[in-house]
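Quick notes on the structure that follows.
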């Protein structure tokens, strides 16, 4: 029977579970445990001799180390980079100098480190405590040492041991490591950093600091009966030998950490968690050779902090740190997550998830802890709001960050990855919704309290302070700059919670102009809060009244109708004061100075735009500078906030408040700004400009403001740069710039416009105000250009209408009356600005304005007359007339425009509103403006007409004359549309120009007429057109679709039967 081979001095058969080494002399195999050779040491042995062979061949020899790289096998001749943690690296690290930690580390006593201190000053910098007294921390006696750790924890407990030289880890029993620690001949540098003993007997003699127990999420908010176990990160024992080194790292979950040195000493290398440093850290950690690069060389500053025996160090969330142990050391530490640095914790957690690096001190179930904290935040906010108390700003900011993380974790594409850490019996969607609601309520209350503090500061100003008119323009222009809400902390790691509550008494000192530009970034919040108090205000009582009104709105959101009435009555009382005129004049002067100084240096807008902006400055100053610093806004299921009063039409609370936009560049929004799913209240710092404007409503108190200022009778307007409050620009503040002229105002004295007709042929005639035989008064506009008159006569002949005054004579008189009552604001786009070229030469023809009271009565009468005359006009039976409910964004003929979708120019819209407008003062002219639709249409018509007539009607002499006429008319029209200033020959009026450039708006009218285009031939009547057709082709049988003049013109000009001009 064959025998089993045996090996080693123990003469046992081969065991696959035991490490064995071969002797180079006798070629026999020996167990490592029998001959005293560890498995980790074997790669370093060059020639091994067993105990028997050592007597004859000598001792074993080790490989010569050519480099301190962990990948080096000793066989390659090249020199590799120094490995982090190697002996050469430790020697170099000890000799280097680093900036002192005095700049960043805060030194306190144990009794000073309280929850109130951290809430006021934040926890953004490391805190060093010299003695443990006052910390509420329990530590063993100074005689406690490593052997006692083994007795309390157990000798057979497996621990993770880090080989510092190679920066690798392996498992080892605690007894074996303690034997290594006490041995005099240490062949390696081993380090134990993750011995967690919260469940061991040693937990009874070691207690974390009291401040940690108060802040820790796991200690306070994790239920004891939860299925998912608590993360065991609160109590660690660190047993480190001399020259132990832990490379740069961020604690898992972005946790903060505390260290207490019981014996020995530790050196910390600290790096601030700025955005740049975090990006560098992520790039460094993800590189394959990061263990060969010292990360401190890549950042601006790395601080060195020495922690001696008996001292305690608290390191905040996100700080990148490395640890060197210069002497044998026994220390205790613990990790904790808290509400003071939620933003940084989330950022660090995201970095950790992207890197996917296994850590020896993981923070398991971090997301579960966040869910429990979110539930706590909801209960906390509800309780505080019921008690009419305000949660701390850092708590509100933390709740916003957590709720944003909840949303990303519960998205459909990310739910599978995160659902394992979702607590049982948790309804995430309901929690997100309820928490968002409480956050918004808290933010609104915070804004109200901030405005009340600003009011107190204004009242505390000395009575002999300078009036607002004498302050420099820079102080007034400051509120237009973006201002961050006081309750939101900075996205960067620089003390987000500091300097928020205090400093209101110092606000009166802020208006010193030389010191304002020198405010540093750290003091922005204080300075911006100060600037709110410098807004020109002569009567603090008005501001207090508005703020009390805003507070009532917050407390009684279930009574919107009552609040609207009280709000309006308060605002009316504020504005009906005798010295309002003087105040508005001063504000207007400030706006002018502010605009000039602002763009003089920035040079970001041309002068022409500045002049246009100045026309609306006065109206906006009534709200932005008088007494309204904050307002509340609702949008369609997206919650935003604004510095100005801004509401949408679907809001139930502020339905009567005008939506006013600021015309200034909008800064980038806060990266953690929260937008809710419900239409509820929130303050938005930087409102977003929207394309679609809601229907505007006027303030009742704005109309009251206008009345005391405007004179009762004013024969003509002054040609000054600054407009008086009764000009059309003031009144047209509430008219949308997107050609929507419907204005609604319950409390306004201006009557409601019921909309114009969808423009057809007669609307074009109304726009041009041209019918034969009309007498124009001195105040009216001059007649249309000859080319336009001919085109209109052609359209009349097509529609079988006579050139008479029956339809349009009353309209002209009505439109003149309407110009006195309704101000139709010209478009703010540059395309509509070309009409101002001729206006500067004849400012005396500007119509005088009537008072609002008389205009409301006249406009209603004139509107009824329009209805009667327009209904008597001709309607084409083949044309479908749309209703007045159609809007520009949803055109009725949208489904019919399927043939030509790739045209360069938009076809003429039947719903466009073209009407006469009062010229605005000093608007910039557009040089060389052209309209492609008119030019291409006329050119195509001329080319086709000439081509057909040359082939078919060569015998007729009249055909030879049509070609130059058509070409001349097309050139004339294109020249008229592009010329910035009207010439005496053309005598083109403003309405003609606005139609040709596509920016006109329609005046009154209820029935849409048949759409048409400019024609190049004048056809006086339908009878003459038929005679003309018969004379041209007397004997030939005409083709189908070319029998009548209307059909031929339609073919030539490519008029589709539904009325669109197809090019």
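The chain as shown is numbered from 1 upward.
Cβ atoms are placed via backbone N, Cα and C, with glycine included.
For residue 266 (2-oxoglutarate binding site), the same-chain residues 6+ apart in sequence whose C-beta sits under 8 angstroms from its C-beta are 240, 259, 306, 307, 323, 324, 325, 329, 331. Among the features that Swiss-Prot reports, 2-oxoglutarate binding site is placed at 246, 259, 266.
Shown in sequence order, 320, 321, 322, 359 are the residues of the chain, 6+ apart in sequence, with a C-beta less than 8 angstroms from the C-beta of residue 249 (Fe cation binding site). Annotation comment: Swiss-Prot describes 249, 251, 321 as Fe cation binding site, evidence class sequence analysis.
Look at Swiss-Prot and you will find 460-477 (among others) tagged as compositional bias 'Low complexity'.
Residues annotated as compositional bias 'Basic and acidic residues' in Swiss-Prot: 513-540 (among others).
Residues or ranges marked as compositional bias 'Basic and acidic residues' in Swiss-Prot: 723-745 (among others).
If you look up Swiss-Prot, you'll see 746-755 (among others) marked as compositional bias 'Basic residues'.
Here Swiss-Prot flags 776-791 as compositional bias 'Polar residues'.
Annotated compositional bias 'Low complexity' per Swiss-Prot: 813-833 (among others), in sequence order.
According to Swiss-Prot, the feature compositional bias 'Basic residues' maps to 842-852 (among others).
Taken from Swiss-Prot, the feature compositional bias 'Basic and acidic residues' covers 920-929 (among others).
The compositional bias 'Basic residues' annotation in Swiss-Prot covers 953-964 (among others).
The feature compositional bias 'Basic and acidic residues' is assigned by Swiss-Prot to 965-975 (among others).
Positions annotated as compositional bias 'Low complexity' by Swiss-Prot: 976-988 (among others).
What Swiss-Prot records for 1021-1031 (among others) is compositional bias 'Low complexity'.
If you look up Swiss-Prot, you'll see 197-353 marked as domain 'JmjC'.
The region 'Disordered' annotation in Swiss-Prot covers 448-546 (among others).
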Using DSSP, how many residues in the zinc finger (5-56) fall into helix, strand and coil? 10 helix, 13 strand, 29 coil
With every protein chain in view, what's the tally of Cβ atoms within 10 Å of the Cβ of residue 246 (2-oxoglutarate binding site), excluding that atom itself? 23
If you count Cβ atoms within 10 Å of the Cβ of residue 259 (2-oxoglutarate binding site), leaving out that atom itself, what do you get? 19
Quick check: with 246, 259, 266 left out, which same-chain residues have Cβ atoms within 8 Å of the centroid of the 2-oxoglutarate site Cβ atoms? 238, 240, 267, 268, 307, 323, 325, 329, 331, 333
Indicate the candidate from 251, 321 with the smallest number of other Cβ atoms within 10 Å of its Cβ, considering only these binding-site residues. 321
Other residues, Cβ within 8 Å of 249, 251, 321 Cβ centroid (Fe cation site): 248, 250, 257, 315, 319, 320, 322
Averaged across the domain 'JmjC' (197-353), what pLDDT does the model get? Just tell me the whole number, please. 94
For residue 251 (Fe cation binding site), which DSSP three-state class applies? coil
